[in-house]
Protein chains: 2
Amino acid sequence: MNKNKTVTTVIIANGRFPSHPVPLSCIREAEYIICCDGAANDFIARGGVPDAIVGDCDSISEENKIRFADILHPNPDQETNDLTKSVQFCVENGRQEIIIVGGTGKREDHTLGNISLLADYAELAEVIMVTNWGIFTPIHSITEFKSYKGEQVSIFSIDPKKLTTHNLKYPVEGRILTNWWQGSLNESLGDSFSIDPEGRVIVFQAYKQ
Amino acid sequence: MNKNKTVTTVIIANGRFPSHPVPLSCIREAEYIICCDGAANDFIARGGVPDAIVGDCDSISEENKIRFADILHPNPDQETNDLTKSVQFCVENGRQEIIIVGGTGKREDHTLGNISLLADYAELAEVIMVTNWGIFTPIHSITEFKSYKGEQVSIFSIDPKKLTTHNLKYPVEGRILTNWWQGSLNESLGDSFSIDPEGRVIVFQAYKQ
C-alpha cells in the first residue's frame, strides 16, 4: 500500500501567489508542499517552508539555494515547464492527489497553458487547480460534481468532441463546443451536476461571491 | 467614406482595470471610450469620462446612471455578455478598429471566455486585446506580425485545424495543436514572424520584461 496515497500535496506554481482564503488554506493544510522554482523565493519570503523545490532552479536566490540545498530537485528539461516537472516529481514519488495553486494571475498565455495542462496531468494523477476565483477540475469521463443551486460553472473542451450536461441551467446535449466561451457562464441547478464528455474537458466552479 | 474608420475605439471590459503603461496609454490616447457596464463605476472613480456605457446597466451606480444618462446604452440580451454587446455597439456605429482593455485578470473563466471571443469578433471588426502582460490578436488567414528577436509568442488554436509558423524558434509545420499549451511559449527569431492557419487562431505577444 502506498502510504502517500491520501497525503495532500500542494504545488505552488509560478503565477500570482494566492490571496483568497481557499487556496491559502490548501497551502496551510498541505502535508507536502512543492514549490515550482520561480515561486520559491516568494513563498519563503512569506515565511513558508517548502518540502521540495522543482524546476530549472535558475530563478531561486543564492541564499535559498544554499539554505534549501537538500530539497532542491533541479530538472533542466527544456521541453516542459516547471509545473509539469513538479507534477512529474509528484507522480514519481507516489503522490497521486495534487492541488495546484498559484497557476494563474500573471501572463495570460501562462494561465491558459497551465489550465490546459490539467487535461494532460489527469492521465497521471488526480489533479485540481485552486485559484483566487474558483476550482478547475479536468475530466475525461462522466463525472458528478458536488454543487449548490446557483453555483457558477464553466466548461472548457480541450478536444473537439461531444459532451452532455445534467442539472445545469443551460443544458448541453451531445454537442461540440466550437469555441472556449460556449461552455462558460453556466449555473448549477442544485446539490450536484454532472458532465458526460467524449473527450477531455476542464470544469471551472467559481466561489460564491 | 466612413469617418470613424481610423478612429481608435477602446472598450474597457469588466476584468481587472489595467495597470501596465501599454493599456493605460491606449485609454489615454483613445478617441472614443466605451465602458462595459461593470467597468464604468471604476473608470469614472479614477477620473475617466466614457463616451458610451454599454451592457445590462445593472451594475452602474445610481449617481453615475443619472450623471451619464445621455451615454447609457442598455442592452438586456441575456445570451451575450457586456463585452460582446460593446463590440456589437461599435460595429453598429461604424467603429471597425477596436482595442479591448481590462478583459482579463479576474475570474479565469471570464478571462478564457473574453480571449476566445476575439475569434468571433474578428469576423465583425479589427479587434485586439491589450492586457497588462501583452497583446492578443485573432487571425484566420496568413498574417505577418511585426516583432523583434526574442519576443515571447504564444499561439492558441480555436479550431482543431492545421497551422504553420514562419520565423519562430519552435516551428509548427502543418500541424494541429491538440491542447492549448502546445502552441504556447514560442519565441520570435527576428523583425517579423508569420502564422498561416487553416482555422481560427489567437496570437499572444508578451511585452518585453
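Yeah, the Cβs are placed from backbone N, Cα and C, and that goes for glycine too.
Feature annotations, reproduced from TrEMBL:
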| type | residues | note |
| --- | --- | --- |
| DOMAIN | B:27-121 | domain 'Thiamin pyrophosphokinase catalytic' |
| DOMAIN | B:134-204 | domain 'Thiamin pyrophosphokinase-like substrate-binding' |
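For the domain 'Thiamin pyrophosphokinase catalytic' (B:27-121), the DSSP counts in helix, strand and coil order read 46 helix, 17 strand, 32 coil. Taken together, the residues of the domain 'Thiamin pyrophosphokinase catalytic' (B:27-121) have an average pLDDT of 95. Broken down with DSSP, the domain 'Thiamin pyrophosphokinase-like substrate-binding' (B:134-204) shows 4 helix, 37 strand, 30 coil.
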